């Protein structure tokens, strides 16, 4: 965009008056920002007298900015609002308690307990006579009969405890997530000019009247009007749905809106609306307002299995389009999500089914046994006065049945997953990984390939010019300014100082004796450092030619791979300075300066010689080569829009070699990746020789390897057919050997990532992690299984598209993420090993005990203690095991590996055998062994026996010691290794033991316990410790010899996925399992409730609240996906967001079509309770991660 000097604004030092009012009301500014393009420009120029006048009215200076006076800033916040959008109100603790109470298993228990409670108070006349069977205990303790209410009350009490624990967990999880969100928000800073100084200000502190410096890759934090711009292009798809980039200029369209992305260029704007008054804020307010209507609509909508039925399009044409689209989508590769959760849900459904059957059989057998025994064998008549007594028996049997079910369902499982992920996320922050999506943490453990950038990730991103080729001479060190001709020196200094972003600077070191600080683009900082080394001051040149005087700027982008700036020469005419990748700029040069500064002809042959003798040797040393050139336009002013003609006939001034040293810790990290079975590929925009040299230094390439290093062009030639389409077969021949992709564009990166993910070569699907920092890396970051954005060098756009942000931009942090990901998987397997042993033993004991002795040896309250309370703490203990380096010494598990390996199955069954043998021995022969009264076949309401107390105590202590065994799942012998590093584990084990002592000694009737002697305690402890010895015996048995062992907890098979995932772009395994499960009580098991809210009422509320058609159009369009435009391999069809089929008429009115990436068409209107997909609240039915829509909660 041309920015003639007439358009640049002179410094306007309007004094900030603290008493006088501003020349605008809040509503005037809001209305102004609702206008677009030409309308906005007319309003600014005609109504307000231009941007200059708007600055005056807002009492700000376009050059100096605000003074930063605290009183003035406060006043602006009061009048125009703060730059903060208030978050949705969190759920109160009581609401969370109510949600926890929805658990069906708990509801069944509550009902049974209440019935038991009511019946225990009912004393029918003569109800206790002998005719009704044994209803009371022996006459020794008549009061015991009155104590029948205790069991019911105890069950209710334990239910309350469970509900409170669950609600507290959910509450702390929500709090933790909000903490994470606020941390992400606090870290977002923006360049603001205050008092003439460019400062990085937290986004929340920006006020109306601030002057903001905007550049490529920024996400605009507030609405504003452009004051000065260079080649500025904005992606407004997040607001308008239009994927084309919008050119912004003072004379065509100066309106800049919050939430939009700067895709090219730079400039300055005056902030005119912040927070809830900005365009993003207005939309958020609308979303909030439409929530009540949405609730009503939800109730009316017919749902099937919790999935809202889609409303079919009325128009037949649109219907057929839809069918074609669905066919297309069925063929498309899907992005799989939450594989671990899917496996867990599947396993839990299977266990739950088994438990349901077992509990039903238990109840039936108990009732039949009682009826046959009483009315058939003993031939008693059913007397009306005995009915309450019999009902009490039946209730008791029902409670036993429910207890079996309670024990069978692994209640602690969702909790273990949540704790493990939340703990990992918190610890990963310390390892410089800021996790934005929880799934990423688990997926990283399965990663098989990492496609990494070079600059900043593998290298230190501290660039310095170390070699130069000037005037036909190659200098191996920086030359002294005396040896260069004054004209050449002058051109180098001006060419670098003017033709680089004015935001790139070199500041003095923070500590004395340290290195100078590089701010902004690091390549430009290296060049500015070169100017300083030549004993010149780049700032003096910039002061002479301030940014407003730059006539036109062609900013750097991935297509140009160069940057050019045009200035007016004092003598008339124009001069253009260019810099960029040496082979690209040299192709456009037809002259070169000699030693004296004279321009000599530069032919193709000279260029080839120079590439061979200068550029390649520099590149082979790992240097990035940059060429600096210029061109004068002395005759007529050319057409600046015809870029190809402008960027030719250049005169080469110099070529410099920039060194970016490899981070010292990277070679070791890459070696770890290789050991862990992860392939690291380098994808860079650099010259192939530079890339190869760096890859060798890092250890990605070694001398003996037969690996490929390709340039982007060659890569495309090898993988595309004659029509230019990517062929998967051709790509499959290339990617397994490819290690370095140089001179690559963002499209090449996306193609490579997509190709590796879609590939069917090898027995397992590849899981790919990608690093990216630029705006154009968005598609690749989204396509990857895990996208890492750079926290320091990354643009806001890249961060929005990523799953994890690397706060230190360091490759070693990715390796740590892999370690944490694998640790999550192992932690959950450890907990499963422990939990399933408890379940198997408890179910069998309750079932057989009930069938043989008409009473479960383990009472309902005891089972609740074991299953709900102990397991909650066990999940905490086993899920917080810190990761060890040994995790990186094995290959990735892969997506299809079952959760329960054969070794784990051996451990589960082996320990179950020991525990069952002990329990059955104690139940049927314990009274003789300890010489005490038998507790078997005790009548209703009889007092607790020592016999059954010993059974309960031994059972709990065996679980406690088995918890220590469960710390190892790969058959290791030393189960104590590293136990002292996990304080949580030690304190949980100790705490559980102390609680058990208190329950046995003081629990009394509610826990069906009675005091034990010291010798009995020692026996119980001895049997418990026997678990550890038995564990050693089990680990000595080779797993291979036990052929009958099966694995469990497999992932979903490909056939099932294809069948179930039609119309879905993203496969959420956990949700699929739930749909398949369709078990009522299992829905209740879902502690960690997922609220998936789709804004159904958006349009209707919109029509009521907004009358202006223009605004309605823009806000309506906000609902569509913001997508990155990218040259896809296949021809694109405009697609309609599936969720809005019901809004087709609206769409046709506003004429919006949504161009969507192949892999980004999402239809999620699923209101299923998703077992462990922690708390995802999606406000907009789009997978898009743009700022307006990224309300997906994590922790």
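For all residues, glycine too, the Cβ spot is worked out from N, Cα and C.
Here is what TrEMBL says about this protein:
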- 45-121: domain 'Cation-transporting P-type ATPase N-terminal' (DOMAIN)
- 356-377: transmembrane segment (TRANSMEM)
- 397-423: transmembrane segment (TRANSMEM)
- 831-852: transmembrane segment (TRANSMEM)
- 904-925: transmembrane segment (TRANSMEM)
- 945-962: transmembrane segment (TRANSMEM)
- 983-1004: transmembrane segment (TRANSMEM)
- 1016-1037: transmembrane segment (TRANSMEM)
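Sequence-distant residue pairs (6 or more apart) of the transmembrane segment (904-925) and the transmembrane segment (397-423) include fewer than 3 whose Cβ atoms are under 8 Å, leaving the two stretches without contact.
Contact between the transmembrane segment (356-377) and the transmembrane segment (983-1004) is absent: fewer than three CB pairs lie under 8 Å, with pairs separated by 6 or more positions in sequence. Under 8 Å from some Cβ of the transmembrane segment (983-1004) lie the Cβ atoms of residues 865, 870, 873-874, 876-878, 880-881, 944, 949, 952-953, 956-957, 960, 963-964, 967, 1010-1012, all in the same chain and six or more residues away from its ends. Taking H, G and I as helix, E and B as strand and the rest as coil, DSSP gives the domain 'Cation-transporting P-type ATPase N-terminal' (45-121) the counts 48 helix, 3 strand, 26 coil. For the transmembrane segment (831-852), the residues of the chain that approach it from at least six positions outside its boundaries are 347, 351, 355, 358, 361-362, 365-366, 369, 397, 400, 403-404, 407-408, 410, 412-413, 416, 420, 858, 863, 866-867, 870-871, 874-875, 878-879, 899-900, 904, 907-909, 911-912, 915-916, 919-920, 923, 955, 959, 962-963, 966, 969, 1049, judged by C-beta separation under 8 angstroms.
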